[in-house]
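Below: the structure, in structure tokens.
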Amino acid sequence: MIQIHALPAFNDNYIWLLQDLSSQQCVVVDPGDAAPVLEWLAQNPHCRLTDILITHHHNDHVGGVVELKQATRARVLGPAAESIPARDVALADHDRLTVLGLEFVVHAVPGHTLGHIAFYHEDAAAPLLFSGDTLFAAGCGRLFEGTPGQMHASLERLAALPDSTLIYCAHEYTLSNLRFAQAVEPDNQDIAERLAQVTLMRSENRISLPSSLALEKRTNPFLRTRETSVKEKADERSGGQNTSQSAVFASLRAWKDKF
């Protein structure tokens, strides 16, 4: 049985730790800081860290890799197209890897960074997606390296996964993302309900993740660029007609950057 733990780091990062209760092995995703992982391992001394999965090269995702590898000898797997410290296995689009007995498929999702990847585990009951800084709950990552067209294509690719997919992103941005989503679609009842729920959760210091792809399709404006209400708001913001979904996305992203 696999349990997934969220280890908070910095102001709003989550390091995801997957624990196999039967084998007493574990894996972490995007350890920007070694300390929370080492603390968890100290509290669970019978569990051995076997693998470190990396989605992209930003320091808040890789800052703890070297220390963790030195402490545990864990294998480091990360995108081939980026410089990842202490990487043992370079991963490219469509590659398959197995950790804790779970097979993951690598999806190249450029936009936030050019070499960004996501890890997808296909499962009839509960598919899993570790999306890094590409797809957030109710939002998406900033475009530090890629183009709006690249990010839109990456999000469309992830949106094609099963609706039941559970989404484990790397930051607690849900509340601010939902406030933006409500500005885009003020009449969207699903957004209003989710905003109320997450406001309560965060007031009680509860995590708002994981999300699901079905929920994102109802409440995430960056996955709703084909909706008339979203396009109309994007056109209003950009002062003209956005003639493609990619252009709608670009308008929304530029707005969100200043929101």
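Cβ from N, Cα, C; glycine included.
Since we're looking at a predicted model, the values are computed, not measured.
Within the same chain, the residues at least 6 positions away from His112 (Zn(2+) 1 binding site) whose Cβ sits under 8 Å from its Cβ are His56, Gly132, Asp133, Thr134, Cys140, Gly141, Arg142, Leu143, Phe144, Glu145, Gly146, Met151, listed in sequence order. Per Swiss-Prot, Zn(2+) 1 binding site is recorded for His56, His58, His112, Asp133.
Residues or ranges marked as Zn(2+) 2 binding site by Swiss-Prot on the basis of sequence analysis: Asp60, His61, Asp133, His171. There are 26 other CB atoms within 10 A of the CB of Asp133 (Zn(2+) 1 binding site), with all protein chains counted.
Here the compositional bias 'Basic and acidic residues' (224-238) has long-range neighbours at 152, 184-185, 187-188, 217, 245-249, 251-252, 254-255, meaning same-chain residues at least 6 beyond its ends whose C-beta is under 8 angstroms from one of its own. Residues annotated as compositional bias 'Basic and acidic residues' in Swiss-Prot: 224-238.
Within the region 'Disordered' (224-245), the DSSP-based counts of helix, strand and coil residues read 12 helix, 0 strand, 10 coil. Residues annotated as region 'Disordered' in Swiss-Prot: 224-245.
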How far is it from His171 (Zn(2+) 2 binding site) to His58 (Zn(2+) 1 binding site), counting Cα to Cα, in Å?
13
Surrounding CB atoms that lie within 10 Å of the CB of His56 (Zn(2+) 1 binding site), all protein chains:
28
His58, Asp60, His61, His171 as binding-site residues, winner by CB count within 10 A:
His61
